[in-house]
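One structure below.
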Amino acid sequence: MVIMSEFSAVPTGTGQGQQKPLRVGFYDVERTLGKGNFAVVKLARHRVTKTQVAIKIIDKTRLDSSNLEKIYREVQLMKLLNHPNIIKLYQVMETKDMLYIVTEFAKNGEMFDYLTSNGHLSENEARKKFWQILSAVEYCHNHHIVHRDLKTENLLLDGNMDIKLADFGFGNFYKPGEPLSTWCGSPPYAAPEVFEGKEYEGPQLDIWSLGVVLYVLVCGSLPFDGPNLPTLRQRVLEGRFRIPFFMSQDCETLIRRMLVVDPAKRITIAQIRQHRWMQADPTLLQQDDPAFSMQGYTSNLGDYNEQVLGIMQALGIDRQRTVESLQNSSYNHFAAIYYLLLERLREHRSTQPSSRATPAPARQPQLRNSDLSSLEVPQEILPCDPFRPSLLCPQPQALAQSVLQAEIDCDLHSSLQPLFFPLDTNCSGVFRHRSISPSSLLDTAISEEARQGPSLEEEQEVQEPLPGSTGRRHTLAEVSTHFSPLNPPCIIVSSSAAVSPSEGTSSDSCLPFSASEGPAGLGGGLATPGLLGTSSPVRLASPFLGSQSATPVLQSQAGLGATVLPPVSFQEGRRASDTSLTQGLKAFRQQLRKNARTKGFLGLNKIKGLARQVCQSSIRGSRGGMSTFHTPAPSSGLQGCTASSREGRSLLEEVLHQQRLLQLQHHSAVSSDYQQAPQLSPVPYVLTPCDGLLVSGIPLLPTPLLQPGMSPVASAAQLLDAHLHISAGPVALPTGPLPQCLTRLSPSCDPAGLPQGDCEMEDLTSGQRGTFVLVQ
């Protein structure tokens with residue numbers, strides 16, 4: 001992390017021991033806000049208007065041609081965007097090696113950080129924020145600009161907690177009917193067509209991201225996430241996500257209409273504005289009128305604020321040069337002072353609501369005087385004697401190496417030195433007996449010295465787990481791979497897993513509900529057991545379940561909270577589509593934390609599918625995990641399968657193959673406890689498609705069915721043909737007497753009383769237990 005002191009030491013020989021502030025042009029640098037690989041963001045204050053700004057300092061020497069073009073395009077887009085909910089561009093300064101972008105400073109930071117610290121928003125708060133986001137995105141689309149990286153990290157909050165849309169690095173121009181083909185964005189917020197590598201319409205891409213953003217605002221978690229990018233890609237393509245119980249039906253409907261897999265069937269911005277959830281608060285409809293807020297910002301069209309121009313002229317700034325800068329969109333010092341003063345004027349009006357009823361000619365002189373009294377213009381800009389422009393921005397002097405190491409990191413020593421220099425706070429000696437020309441006052445004083453230096457280091461962020469509460473509706477789950485010899489794995493294979501959902505749908509995948517679910521149900525088979533956080537008696541906090549972080553970029557694990565609380569019953573307040581999870585399956589484990597920050601990527605279409613990734617993991621499992629067990633002879637055939645044959649399998653075949661490997665592992669682990677048990681020949685028995693009982697104590701398959709060298713696909717196929725007889729519907733059980741080795745479970749059967757080594761599907765209702773058969 002680059003640390004730069006707010007003040008710099010005075011060069012030796014001055015005879016003064018005080019420290020002097022650093023300055024970039026007309027901006028006094030205060031501190032570092034953040035940095036990346038080739039850029040650093042500084043907080044600075046304009047010396048004339050006393051307004052805080054953010055200066056993004058970019059090292060052009062460390063950018064290739066494509067990234068440099070991206071930076072210039074971002075600047076070009078920001079010059080065209082003048083909206084109260086979009087970060088305002090004030091000034092652009094450029095040297096041979098450096099680029100300085102001065103923008104509006106949002107003092108309350110990112111919406112992402114706000115959610116990680118305070119939890120999810122109420123729907124009323126989320127509606128207000130979403131109206132502002134929608135207004136900014138609609139303004140961009142009306143100007144044929146698509147953002148393509150909408151996420152909570154790019155939504156900033158100003159001093160009034162209003163939204164400011166930022167970071168147009170992936171933005172671009174678009175024309176209706178001409179699709180785009182740059183597959184970029186942040187994976188959790190990216191649309192399905194980006195992962196598939198299809199051409200897309202820009203607005204439809206932003207609407208999908210808007211749906212994810214609204215979900216995050218209301219829920220405090222991501223709708224689509226996964227331990228890796230292939231898993232995340234699969235979930236996005238399926239369009240399935242979970243809805244918490246506290247979300248209203250109208251909000252759920254709006255989110256589902258935005259998160260539609262088929263982009264042609266997604267809701268439009270005009271339809272979003274007319275949605276019932278958006279229209280629930282009439283006061284927000286009256287505030288959504290940017291016409292008044294945009295007064296004075298459309299200066300390139302000749303709409304100038306005469307009040308601001310009068311203030312600048314009173315300060316000695318040439319009016320004609322200011323107007324020319326605004327007309328040409330130069331974004332130099334003249335334009336920067338104009339826009340900063342305009343912002344100050346708006347703040348002054350907002351603090352005096354009664355002034356709107358006063359006639360404009362009567363209050364205009366009062367506002368001008370108040371603005372002039374609060375500007376605190378430095379002494380060097382007052383008219384005196386003529387002076388050389390170099391005195392306003394002298395060439396940087398060489399400082400001692402020890403001073404540089406104590407104040408400026410090695411990266412900023414060379415990259416920022418052309419613009420940073422010690423400034424004497426008492427400028428009376430420099431400008432004594434000299435007059436100042438308004439024209440030379442605002443010349444861009446930037447040194448054109450070349451620079452060389454090492455690369456910038458990345459700043460490490462402090463990662464903190466967030467408190468949360470329980471209570472969430474679960475409609476999708478994964479299979480837990482954590483089991484013990486006494487509790488062998490049960491893998492549920494759904495026939496719809498390998499089938500893509502119908503276009504234009506966004507449905508849940510419901511699992512059977514267990515009426516006897518308790519604290520042990522959700523915590524038994526989790527990689528990180530327990531739940532995080534506490535619940536508020538006033539309003540529900542964000543319901544985070546503690547476990548491994550599902551962010552595909554960082555993949556960090558969550559810590560346990562200070563207090564482990566039992567899960568809230570899912571039976572209270574559930575709608576007809578609400579479901580919960582059976583024991584042994586992973587619960588909903590997404591949470592929005594500081595270490596879950598996502599980054600934008602190019603080439604999301606190059607992410608491999610889930611089937612290929614599962615295949616590779618099965619290869620590693622067969623080579624590493626099986627080597628610790630004394631497996632029977634057929635396992636050599638499983639290990640000898642070539643990679644090329646695995647790559648051609650479908651997702652269902654790979655899941656069956658993994659099920660077979662897990663069964664063999666468990667069978668080998670517990671076989672030593674049953675060496676004296678009689679070996680019973682298997683009896684063909686017809687089961688329903690949902691039957692998934694594992695037999696521990698008898699051979700899993702007859703010896704003739706498992707031959708050395710048999711492929712796992714053929715083994716799984718014979719398993720289905722010989723024993724399961726899976727069909728489209730449930731098959732009736734035989735009415736004759738059952739063999740002695742087979743008994744039917746009674747509804748009152750207690751699973752805890754089973755002999756060691758026996759297993760069954762856990763958390764089943766009484767009606768479901770009657771349809772399963774336990775093999776003893």
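Glycine residues also receive a Cβ, built from the backbone N, Cα and C atoms like all the rest.
Mapped onto three states, the DSSP output places ALA39 (ATP binding site) in strand. Among the features that Swiss-Prot reports, ATP binding site is placed at LEU33, GLY34, LYS35, GLY36, ASN37, PHE38, ALA39, VAL40, VAL41, LYS56, with the record citing sequence analysis.
Per Swiss-Prot, the feature compositional bias 'Polar residues' maps to 628-643.
Annotated domain 'UBA' per Swiss-Prot: 303-343, in sequence order, evidence recorded as sequence analysis.
According to Swiss-Prot, the feature phosphothreonine maps to THR182 (among others), an assignment based on similarity to another entry. In the three-state DSSP scheme, THR182 (phosphothreonine) is classed as coil.
For THR322 (phosphothreonine), the Cβ neighbour count at a 10 Å cut-off comes to 24, with all displayed protein chains included. The feature phosphothreonine is assigned by Swiss-Prot to THR322 (among others).
Residues or ranges marked as region 'Disordered' in Swiss-Prot: 350-371 (among others).
Summarising the annotation, Swiss-Prot assigns region 'Disordered' to 449-472 (among others).
Taken from Swiss-Prot, the feature region 'RK-rich region' covers 586-612.
Residues or ranges marked as region 'Disordered' by Swiss-Prot: 621-643 (among others).
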For the recorded positions listed here (ASN37, THR182), which one has the lowest count of neighbouring CB atoms within 10 Å of its own CB? ASN37
Taking 10 A as the limit, how many CB atoms besides its own sit near the CB of LEU33 (ATP binding site)? 15
Test of understanding: give the count of other CB atoms lying within 10 angstroms of the CB of VAL41 (ATP binding site). 17
Suppose you look only at the domain 'UBA' (303-343); what would the mean pLDDT be? 89
Just to verify: the residue among LYS35, ALA39 with the fewest other Cβ atoms within 10 Å, which of the binding-site residues is it? ALA39
Give me the DSSP three-state residue breakdown of the domain 'UBA' (303-343), ordered helix, strand, coil. 29 helix, 0 strand, 12 coil
Report the largest Cα to Cα distance, in Å and rounded to a whole number, among the residues LEU33, GLY34, LYS35, GLY36, ASN37, PHE38, ALA39, VAL40, VAL41, LYS56 that the record lists as binding ATP. 14
